[in-house]
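Have a look at this one before I ask anything.
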Amino acid sequence: KVYVACQSMLIVLVGAVPEYHIDQEGIPTSRAELGKHIHFADNFTSIVTEASTSWYLIEQEAYKVSLASSLFFAGLLIGNITFGPLSDKLGRKPVYISGLFFDVVFGYVTALAPNYDTFAVSRFFVGIVNGGMALVSFVLTQEYVGKSFWSFTGSLTNLTFAVGIAVYALLGYCVREWRYLALVSNTPGVIFLLLSFMLPESPRWLYSQGKTAEAEDVLQYIALGNGKERLNLKLKPSAGTLRKDDSAPGILNLVKHPVLRWQTIILMYIWYVCSFVYYGLTLNAGELRGNLYLNVALSGLVEVPAFPLCMFLIEKSWSGRRKTMACFLIFAGFACIFTMFLPTNAGLLLSPTLLALCGKMMVSAAFNIVYIYTSELYPTVLRNAGLGVCSMSCRFGGILAPFVPSMKSLSPSVPFVVFGISGLSAGFLTLLLPETLNKPIAESIEDLQSPKYQVLKNEEAE
């Protein structure tokens, strides 16, 4: 997740716009001519200041920075919708490793891009493999442990993403040349790729596919790694094991089954809002007053307190997953809306920047919970497909988010009002979903027929 964070936040520093002025002597007739008249004030470089092939993404070309960011999120959309079903069919580990390999390759293409077009296209492909690989790795992490640990492992996984943002800000502070920064932030992917070959396949996926012997071997491997003695383990055949003439469950099953259908529609909107507000506030860190690197680091570090708070609340019977996520989204919405009532020259304790950081903390907490919550709502055979579809809608929020900060030209508070209304609406919609705390995890679609799995009707179940 540290590597994923560096790739996701790359454009925040690599696309930063330093202060500049253009000489009034003579009127530049071309992009190459413009280089003789423009002077940048800050001591860092970015794709905005890139002189080779005359990038100079300012004035009429400034939209290309947001476009490159949106292309990355468009790639995430495709990666989420394709990698999920692939990993449900082919297995978690091979799809994850393949995605990480191509992520590293396209990451180096980004750093060495000779022109803007190559840079933008490489960001699109990085988005595809980065989003798909990150999604599968999250599911893989969850399926290595029992359900009682899902809130812990899910929170810890997302916590490292927040730490990754701060690490990237530190790298950006130390490495001011954007190409070197892109190279340095991409190189850890090589290390993680080599380490990933040591990982076993998901025992839950093996079991759901009827490969009980292989699942038993993985469980024995994990037990021995935990210092346990060799277990006398024998798994019962899964109720949802596929017969040879059956086809694997696919995305259409999310529409066919009424419980899954309404659940998916609501979750898709919640994921969209979480991404829209989260990335909007994160990318807006480059627009806030003050030190660029400090703002980016704070936007990551402010998330850290949210995760222990999440882990505490979602395990309590009086709050659980649903109420906790709804409250975080609603509080994030109010935090963003209240910025319109504060003057920009207010003190630190009443500054819009502080409220924006509070909103970021709240929505990151909700984002963390929605990963765990969604994993528990879908059966194992459809877990990646369900997460993939939800993540697909989430990426629409990421695609739109880079352009929202530009709405400050209408009024400085407009972007925050947009984020606030979105957060409030998603928070109230969350209350329509069921609670999954202390409820069993479905392994197959057949399990959903049992009353204890009728999650949208759980008030009527025992």
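Every residue gets a Cβ built from N, Cα and C, even glycine.
Sharing the feature lines straight out of TrEMBL:
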| type | residues | note |
| --- | --- | --- |
| DOMAIN | 9-438 | domain 'Major facilitator superfamily (MFS) profile' |
| SIGNAL | 1-16 | signal peptide |
| TRANSMEM | 62-83 | transmembrane segment |
| TRANSMEM | 95-114 | transmembrane segment |
| TRANSMEM | 120-140 | transmembrane segment |
| TRANSMEM | 152-172 | transmembrane segment |
| TRANSMEM | 178-199 | transmembrane segment |
| TRANSMEM | 262-281 | transmembrane segment |
| TRANSMEM | 326-342 | transmembrane segment |
| TRANSMEM | 354-373 | transmembrane segment |
| TRANSMEM | 385-404 | transmembrane segment |
| TRANSMEM | 416-433 | transmembrane segment |
With a cut-off of 8 Å between Cβ atoms, can you find at least three pairs linking the transmembrane segment (152-172) to the transmembrane segment (262-281)? Only pairs 6 or more residues apart in sequence count.
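They do not touch: fewer than three Cβ pairs between the two stretches lie under 8 Å.
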Establish whether the number of Cβ pairs under 8 Å between the transmembrane segment (385-404) and the transmembrane segment (120-140) reaches at least three, counting only pairs separated by 6 or more residues.
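Counting Cβ pairs under 8 Å, at least 3, so yes.
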Six or more residues beyond either end and a Cβ under 8 Å away: which residues meet both conditions relative to the transmembrane segment (120-140)?
1, 4, 7-8, 10-11, 64, 67-69, 71-80, 82-84, 86-87, 92-93, 95-96, 99-100, 102-103, 106-107, 109-110, 113, 154, 157, 199, 202, 371, 375, 383-384, 387-388, 391, 395
The transmembrane segment (354-373) vs the transmembrane segment (178-199): three or more C-beta pairs under 8 Å (separation of 6 or more)?
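Contact between the transmembrane segment (354-373) and the transmembrane segment (178-199): absent.
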For the transmembrane segment (326-342), find every same-chain residue at least 6 residues outside the stretch whose CB is under 8 Å from a CB in it, and list them.
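For the transmembrane segment (326-342), the far contacts come to 270, 273-274, 277, 281, 306, 319, 350-352, 355-356, 358-360, 362-363, 365-366, 369, 411, 413, 416-417, 419-428, 430-431.
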Taking a Cβ cut-off under 8 Å, which residues six or more beyond the ends of the transmembrane segment (178-199) line up next to it in the same chain?
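Here the qualifying positions are 2-3, 6-7, 10, 13-14, 44-47, 50, 93, 96-97, 100-101, 103-104, 107-108, 110-112, 140, 168, 171-172.
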Would you kindly list the residues that approach the transmembrane segment (95-114) from elsewhere in its chain, counting only those six or more residues past its ends and only Cβ-Cβ distances under 8 Å?
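For the transmembrane segment (95-114), the sequence-distant neighbours (Cβ-Cβ under 8 Å, at least 6 residues beyond its ends) are 3, 7, 10, 52-53, 79, 83, 86-87, 122-123, 125-126, 129-130, 132-133, 136-137, 140, 179-180, 182-183, 186, 189-190, 192-193, 196-197.
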